[in-house]
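Residues or ranges marked as active site, nucleophile in Swiss-Prot: Cys102. What Swiss-Prot records for Cys199 is active site, cysteine persulfide intermediate, and it gives sequence analysis as the kind of evidence. According to Swiss-Prot, the feature ATP binding site maps to Gly11, Met12, Ser13, Gly14, Gly15, Val16, Asp17, Ser18, Met37, Gly127. Residues or ranges marked as disulfide bond by Swiss-Prot on the basis of sequence analysis: Cys102-Cys199. For His128, Gln344, the entry in Swiss-Prot reads site 'Interaction with tRNA'.
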Amino acid sequence: MSASPKKVIVGMSGGVDSSVSAWLLQQQGYQVEGLFMKNWEEDDGEEYCTAAADLADAQAVCDKLGIELHTVNFAAEYWDNVFELFLEEYKAGRTPNPDILCNKEIKFKAFLEFAAEDLGADFIATGHYVRRADVDGKSQLLRGLDGNKDQSYFLYTLGHDQIVQSLFPVGELEKPEVRKIAENLDLITAKKKDSTGICFIGERKFREFLGRYLPAQPGKIITVDGDDVGEHQGLMYHTLGQRKGLGIGGTKEGSEEPWYVVDKDVENNILVVAQGHEHPRLMSVGLIAQQLHWVDREPFTGTLRCTVKTRYRQTDIPCTVTALDEERVEVRFDEPVSAVTPGQSAVFYSGEICLGGGIIEQRLPLAAV
């Protein structure tokens, strides 16, 4: 007598990637069910409509594939474990990445636990563009096959024990192939555009949205030479390397080169700007990272040659990583890097393998400044 098929719960977002993931798993012989997560309760009309449309699309796909769709509300977990931390980081003048926190706390913790305990799942699956490889009894996290869509940067906090319970069917495909499959199946999500914006909160006017939760604190904009060139509405609205939205042009005698944010003086509420995107004040020779997560969950000591990304879609930067203590590492780049931003994540790679990463605590500026 053959064993009954393994049960997989697919996180259905109402998008094309999770839709095709569900179908691929059916083809592979799994018993597939879907789960739609509602994680945001602060409903304004616009967001409510978006969530309702996503749920309707997820339901339509599940109906088409003949699978059951469960719904669950993780809004309390999202607020407590993701959103409040997100606001705290902005308040402290740093630029957090909510998608990384959301994957850690919601998709691969709350969802994983709910699927296993309440729905009796053997695995969960998501539409992330990553792959897993099982080596020597541990699961590794690999970049997605489609380099342009690879999302391993957002999943570096996962441990091998979470990866072993997770399946990533579209990680083995290129995005155009995924859309083609959806079109061939006549799925409602086939031509739906990819979502952007904050994880689960969606696409909003960011300044307006943040202003609802954090009071604006206007302050001076000064140049690296100390000249007063304008006023900002709050350091939280600005990030290192930012060019747009500063509201300052070229100076009278000076160059017409665009201005970039090169520093945030949180103590004095001052935004520091300079002209040119490779201004020395914007360049770093390295960084200190904390809150480390290694995929293999082994403590890191000594030094390591690898590559690092300090933001999503960045070209890999060759570097040397040195353990400072259990919680912190120093990263030295082979060449200076622009706009290394505290609060963002530094994610380490060895070839295709995502080793893990940490939060950028501080950047190490170019010594010549």
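Cβ coordinates come from backbone N, Cα and C, glycine included.
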Rounded Cα separation (Å) that holds between Ser13 (ATP binding site) and Gln344 (site 'Interaction with tRNA'): 25
Cα proximity to Gly15 (ATP binding site), best match among recorded positions Cys102, His128, Gln344: His128
Euclidean distance between Cα atoms of Cys102 (active site, nucleophile) and Gln344 (site 'Interaction with tRNA'), Å: 14
Separation of alpha carbons, Cys102 (active site, nucleophile) and Asp17 (ATP binding site) (Å): 18
Assigned conformation of Gly11 (ATP binding site) - DSSP reduced to three states: strand
Around the Cβ of Ser13 (ATP binding site), the count of other Cβ atoms that are within 10 Å: 22
Maximum Cα-Cα separation in Å among residues Gly11, Met12, Ser13, Gly14, Gly15, Val16, Asp17, Ser18, Met37, Gly127, which the record lists as binding ATP: 16
Distance from His128 (site 'Interaction with tRNA') back to Met37 (ATP binding site), taken between C-alpha atoms, in Å: 16
